[in-house]
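These come from Swiss-Prot:
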type	residues	note
REGION	1-286	region 'TIM barrel'
DOMAIN	307-620	domain 'SAM-dependent MTase PRMT-type'
BINDING	326, 434, 443	protein binding site
SITE	326	site 'Critical for specifying symmetric addition of methyl groups'
REGION	465-642	region 'Beta barrel'
């Protein structure tokens, strides 16, 4: 049985530590992995209102403990530092308070870096924390090891108070600048403003603080596209069961179960040492009792959020290990076998050993579709002759050996040729291919099949697949955006990537984009395409980092293979989605729109599929709520060679 969790459970405890050595030992005894505690000593006080806060920054009085209290490996692995919160205000209108706050934060960040702490937790920003962000951004430039965490509540204190007294609805409908009020009171907006001012630095992450009230489901899902590294769970959020032990509401449990699928640490806050173990035991129980990983999820784990360049099937030959991965798919070839069987049964032809049904497998690879076709003929009780057309000379070697091993010599003929160049007098009753990419047509299935369809019987020939459609949707994913940005050049920001997205939030349901049908009987075949699509977002505000692409393919009649979420072929893992990045993230907000019918965000994009004599490429852009430059103009950064 496959383990039930993708990631190990890591849980710490937040406390104000006077004796840090003793508290670490206690935490370990209670099976916590680390403690989260203030960098400055809890007995050290500063007066931020004084023009000079004297000994606070002098060498006469130490503001914290000595680094020699613990060995360096404990500082590096067992402690997350917290900066001061009492009295600190880096955006105060009082210049004295502001200046002293800046000095304090810089001093504590410097000390945390000196200790080699893995992470440092900073206080919650407000909607306008410009100076606070500037100080943090400066520090981020010099931190090579330590990560900076920003504490963000799921629901703002103001909203929690209003919910408690049941005034929230009146508060939102009492007139005035309602949209601005919602934005200013939305913790995601605080986080978004802060990280944008810090240029989305990859070492800056959010720490979510659970609240008794939870925001809407859409707003919770929004955090799945953000760089959340830790979740703090105050004991006040827990309920007590009949046995007197802590438990969480169903809504909190459901959100936690989602978070367990990410590499996130957890922290219990507000408990006394006497009750700490009960909270850890409960959270560990939830983590352990997840559903086991499916074979598909287990296979996908190493590829989560890992960017891969799409294949160039006509320019490059696939390697043996690539074929091997594709051939392990438990769903794809069963569906092909079903499609071929139905097609064989539908053919109005009397077959015999001397006059068999002709099946051409174009792009045969190492033979999985050949096998599916033969198995389908056995099920349909039909005599067939199979031509296996393949351009890769290395795959040809495997294919010829397989024919001998399987005893297919009387059934299968291997054609060592590009399907577009092969000449034969035979005409196929059925043409079978698996030339699809993550976006359907992005591995040149239309161009390949258009070149090969001259071998298909004109009036009665059947193509498998019959048609396929690409789908697209806007997404938010700081992770994917930062992965692309790390390359630091134009080429990578205009390249689509095959990826199994994990740390992302799809902002709307995907919509169909380009469709191709086979055989294509148009007198003049044109595989270039242009479409613009509009999406309606129900979330009040978000950041768009690009688009995620899928495909749905009809092999024959009602037999489909699909990676589109709405009709995904469960268990199939031959294809991951495709990610089209935007060069810069784009902020969406319903507060910026004047919709008459509702306040939902309307986002519109445009996509082009361009074709020349030597290459095929995509171009894309955003059209609303703001216009972005068209990317990959003329295929300057990425194309698929013909």
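All residue numbers here begin at 1 and follow the chain in the order shown.
Every residue gets a Cβ built from N, Cα and C, even glycine.
Since this is a predicted model, take the numbers as computed values, not measurements.
Mean model confidence of the domain 'SAM-dependent MTase PRMT-type' (307-620) amounts to 93 (pLDDT, 0 to 100 scale). Secondary structure at residue 326 (protein binding site), taken from DSSP and collapsed to helix, strand or coil, is helix. Report note: the protein site is defined by 326, 434, 443, and the residues of the same chain whose CB lies within 8 Å of the CB centroid of those residues, excluding them, are 311, 313, 363, 365, 435, 436, 437, 574, 575. Using a 10 Å Cβ-Cβ cutoff, residue 443 (protein binding site) registers 23 neighbours. The binding-site residues 326, 434 differ in how many other CB atoms lie within 10 Å of their CB, and the one with the most is 434. The full span of the recorded protein binding residues, 326, 434, 443, taken as their largest Cα to Cα distance, is 15 Å.
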